[in-house]
Amino acid sequence: MLIFPLINDTSRKIIHIDMDAFFAAVEERDNPALKGKPVVIGKDPRETGGRGVVSTCNYEARKYGIHSAMSSKEAYERCPKAIFISGNYEKYRTVGDQIRRIFKRYTDVVEPMSIDEAYLDVTDNKLGIKSAVKIAKLIQHDIWKEVGLTCSAGVSYNKFLAKLASDFEKPHGLTLVLKEDALCFLAKLPIEKFHGVGKKSVEKLHDMGIYTGQDLLAVPEMTLIDHFGRFGFDLYRKARGISNSPVKSDRIRKSIGSERTYAKLLYQETDIKAEISKNAKRVAALLQDHKKLGKTIVLKVRYADFTTLTKRVTLPELTRNAAQIEQVAGDIFDSLSENPAGIRLLGVTMTNLEDKVADISLDL
């Protein structure tokens, strides 16, 4: 007997769009001389004493085993001819905004997961197009024609399958998973490909002899619940292609922040305040983008010895004024005890967010 009822809504039309090696692709687009060469977005370890991590890399660099979150030093060791680019995140944000505007032509039910991926529910779309595959192809065409970048698309009746489908054929792929094909599609996948199944869960599943979707499908519900608790039921549903999570166009953000890690330690107050200012302006811009205001400003400081301090101040009124955020963050820094160690990271975050209110001054 099932512990939890199985309800499978297969009537929806969900698209998952994932930009192909987004940051690196933007750099290649803007500098054609990079095409065909291994490009890594991250600090050049030869200039930072080996510090830094890879943000992302293009497909040419991935041939050498380079991947995001790898240390820049290891990336260089794997591919000494790789071209390291620090990255221009303001430019990437601008391009991301351009792509989101393309999504909005087709549906307002868009759930951005990051700057380079999003879910779209096109069940009831603006153009009245019945085929989700046709919409996915149109979006790919529009992004290529107007932005000069490629993306991969997954189409299915839920978010779980759509995301798996977008990963199936990259770059510039389009994969459709119909309800009648879902079990066959999942059966062939390694369990570590299932989104939402973390490393520890994968190890535990392997210990149970579960390596593929087919293996998972054969395990009784109670066995999974005994081993994983409520997550066991989620696994039971995933193996059957069941996921009714809605595309949330109004995802609730609890905070908006900006932080930077410095290859060269900061010692001078003028340099520190200048970086606080940059972060504050970035936070103000993000608040503007997301039509949010906030009340609590948080400053994060990490020193050379990796001691990390965070301190917050709650304002009497909501704001997204860059000058005010900068002033408060600067005052917080002034209130901290002096530390002779240089600073390796500074971050400014706004919490206690609310939607924009018309009669509040929003000057940046």
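Cβ from N, Cα, C; glycine included.
In the three-state DSSP assignment, the secondary structure recorded for Glu117 (active site) is strand. Here Swiss-Prot flags Glu117 as active site.
Cβ neighbour count for Asp18 (Mg(2+) binding site): 22 (other Cβ atoms within 10 Å of its Cβ, all protein chains included). Secondary structure at Asp18 (Mg(2+) binding site), taken from DSSP and collapsed to helix, strand or coil, is strand. As annotated by Swiss-Prot, Mg(2+) binding site applies to Asp18, Asp116.
The domain 'UmuC' annotation in Swiss-Prot covers 14-198.
According to Swiss-Prot, the feature site 'Substrate discrimination' maps to Phe23. Within 10 Å of the Cβ of Phe23 (site 'Substrate discrimination') there are 26 other Cβ atoms, across all protein chains.
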- request: Using C-alpha atoms only, work out the spacing between Asp18 (Mg(2+) binding site) and Glu117 (active site) and round it to an integer in Å.
  value: 4
Assigned element (helix, strand, coil) containing Phe23 (site 'Substrate discrimination'), judged by DSSP: helix
Statement: Glu117 (active site) has its Cβ surrounded, within 10 angstroms, by a count of other Cβ atoms equal to 19
Query: In sequence order, which same-chain residues at least six apart have a C-beta under 8 angstroms from Asp116 (Mg(2+) binding site)?
result: Asp18, Met19, Phe22, Phe23, Gly96
